[in-house]
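Enquirer: First the structure, then my questions, so here it is.
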Amino acid sequence: MTVLKMTDLDLQGKRVLIREDLNVPVKDGVVASDARILAALPTIKLALEKGAAVMVCSHLGRPTEGEFSAENSLKPVADYLSKALGRDVPLVADYLDGVAVQAGELVLFENVRFNKGEKKNADELAQKYAALCDVFVMDAFGTAHRAEGSTHGVAKFAKVAAAGPLLAAELDALGKALKAPAKPMAAIVAGSKVSTKLDVLNSLSSVCDQLIVGGGIANTFLAAAGHPVGKSLYEPDLVDTAKAIAAKVSVPLPVDVVVAKEFAETAEATVKAIADVAADDMILDIGPQTAANFAELLKSSKTILWNGPVGVFEFDQFGNGTKVLAKAIADSAAFSIAGGGDTLAAIDKYGVSKEISYISTGGGAFLEFVEGKVLPAVAILEERAKA
């Protein structure tokens, strides 16, 4: 995957527009989770160190396009950046017709979704973005699967279009895990439904050696193998699909599970052998023997891709399976990559973020890359690099 990289460019005195993913949760006018801002900071600092006049843009939330809304304003992000960088970071609302920024200065543009034509990727808007800068830097992997004005359109028209360090690192890590993985490779794919992860499961079945499934997805595979799943969440109409996937790749199934009679924080957890699951049982986690078996598989893997907790880890009594696998990945010498919202929450809960080789910041984009889909914002950078 050949793209121009910001790190290779001379930015001295250049006007640089950086598209970041600063779509963070905001509560009472204050940033509630700063993970995405922290991920973007090194890119912003590097552009400033290289002597650029730096303009940063992002979306936040889902405002009605073309209309300002205070709740979707990036003001809390500008305030956060000012504190984090120890300098004033002005929030600029009217920037489409030009903005004065000097070398070494930094401004944050107001929410790009307040601009008409952003989501439709209108050429007229994209050309206005492009006219603001000498160099456009796409650094928002989390929105790379969307062809929008500030992610794709601007890269068509900017004098120079490059990948930022964060985007480049994502592409390198995903390429390492999927294009030429060190073998054996294990993938953990968990979630409530096979239907939502079908493309991911199919794509990984042709590249990995062990496909570990969890959550409602595992229940469908268990049912496909003729095991009882009680009143657990599963998809009867996808049993044949599960069988077809299991015929292509090794899908180790749980030998024991943690069940309850209800889905609740106060539900009583009981460990049962898979054959003993009763008609009124709900499977809410893998059992301790299964967790140990899966951890052993991970120990011998050279590449591990993790997407989704294997149980209802938000309730502690159903969190052991995810905890054991998280620790196994952390202790492994394998190249490990993890992504997807719930996966990140599990990584935080069990404190293993420093031991995982790469944690992807993109939820939907991560999944689409794993599915083998083309990410429009990356494809345009590749096109521009060829030209």
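Cβ atoms here come from the backbone N, Cα and C positions, even for glycine.
I grabbed these lines from Swiss-Prot:
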- Asp21, Leu22, Asn23, Arg36, His59, Leu60, Gly61, Arg62, Arg113, Arg146: substrate binding site (BINDING)
- Lys197, Glu314, Gly340, Gly341, Asp342, Thr343: ATP binding site (BINDING)
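Describe the structural context of each listed feature in the structure shown, including burial, neighbouring residues and relevant distances.
Expert: The DSSP secondary structure for Gly61 (substrate binding site) is coil.
Long-range Cβ proximity for Asp342 (ATP binding site), meaning a same-chain Cβ under 8 A and a gap of 6 or more residues, is found for Gly191, Gly308, Pro309.
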Enquirer: Can you check what DSSP calls Asp21 (substrate binding site), collapsed to helix, strand or coil?
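Expert: In the DSSP reduction, Asp21 (substrate binding site) maps to coil.
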Enquirer: List the residues of the same chain that sit at least 6 positions away from Arg113 (substrate binding site) in sequence and have their Cβ under 8 Å from its Cβ, in sequence order, or write 'none'.
Expert: His59, Leu60, Gly61, Arg62, Pro63, Glu65, Asn72, Lys119
Enquirer: Looking at the binding-site residues Asn23, Thr343, which one has the fewest other Cβ atoms within 10 Å of its own Cβ?
Expert: Asn23
Enquirer: With H, G and I counted as helix, E and B as strand and the rest as coil, say where DSSP puts Glu314 (ATP binding site).
Expert: coil
Enquirer: How many whole Å apart are the CA atoms of Thr343 (ATP binding site) and Asp21 (substrate binding site)?
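Expert: Their Cα atoms are separated by 19 Å.
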